[in-house]
């Protein structure tokens, strides 16, 4: 299996759409694999959007100016939403709508702060995973390893395309709401001094606010989507690395063919490989700890608030559908992380089984046997995606959250009745 030919593309549009073109090229060529890991491509997308705040980007005046500009736009949008709350007091449906988008913007702001603080450390992790991806595998495991890398890349890209399709569709619906809901003049309910948001009093200011709202939220939701894909893809690459390790272990005896020296070298290499995965996992959990905590709190708030608003707006189907979409997107976001966290933990548990299958008590010296025992013992502890003190991201805890949401829904339904 070969990598696609590398072409020098530095334009922002090439960077932004690069992973989609790459996935199509890999899909069309059965023997080809991606030139880079998903996290590498998503980092390029963030650079194309002009909001990846590592030391390299901070040295570019044009990029810094752009970051200040869009940050001011986001802060202005948040301030106008807060100012608009005063008009929604007494109307549960509109107040809930304002709070949903205020919470979303606060979440985006937190992600911006996170990247400003940890972009350099993320670069180190991405580069380490990129190096692992390009390691050459020799022996009987070669074909299966390359096919695994290709399949993982295509599956994740299919998920990214699906996620972005829903995200952009949602934004288009929100931007178009003033055209089919008479009571709404802007995509998001805001209030400005001197009634600048009123189209009958200030038509030019209204158009500027409308365009600013639409472009700012479209930009930052796309940015947020890329950021989430990057975060998940880091753990997905660790999952892929664990899968590659398992494949190599299951082909270890066939590769060495009784050569004890080769067996010892390969076993030590794989032990160090496993140790590197553990260290990268610990580093990722440390970096994302605050982001995970904020993410779980925001998801719980959005789901609970959306459930309440769906019940409160049951006499207004259009508003109820809008909140239902928000709730489904929030649950989709949480399930996105939970599923990949679950895959990561389960794949890490397979390593101990693969080491056990590779162990042959009739082959090797005592030092080799001790190495196998050490490897099996260490691999029995599963790796997890976790934010202390919260439980790990997996499907079991995801179902627990769904049960809590259902309990809240029941209480709210009884209260409103």
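Placement of Cβ uses the backbone N, Cα and C atoms for every residue, glycine included.
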Same-side membrane placement of residue 84 and residue 314 in Swiss-Prot: yes
Where Swiss-Prot places transmembrane segment among the ranges 39-59, 123-143, 186-206, 207-227: 207-227
Annotated transmembrane segment segment (source Swiss-Prot; candidates 63-83, 231-251): 63-83
Transmembrane segment according to Swiss-Prot, located in which of 291-311, 354-374: 291-311
Of 99-119, 267-287, the range Swiss-Prot labels transmembrane segment: 99-119
DSSP-derived helix, strand and coil totals, residue by residue, for the topological domain 'Extracellular' (174-206): 14 helix, 0 strand, 19 coil
For the topological domain 'Cytoplasmic' (228-290), the number of residues DSSP places in helix, strand and coil: 59 helix, 0 strand, 4 coil
Contacting positions for the transmembrane segment (207-227) when only residues 6+ beyond its ends and CB under 8 Å are counted: 42, 45-46, 49, 51, 70, 73-74, 76-77, 80, 105, 107-108, 111, 115, 163-164, 167-168, 171, 174-175, 178, 186-188, 190, 192, 196-197
Beyond the flanks of the topological domain 'Extracellular' (84-98) by at least 6 residues, Cβ under 8 Å: 189-191, 305, 308-309, 312-313, 316, 319, 322-323
Highest-contact recorded stretch vs the transmembrane segment (99-119), from 63-83, 153-173, 291-311, 317-337, 394-414, CB pairs under 8 Å: 291-311
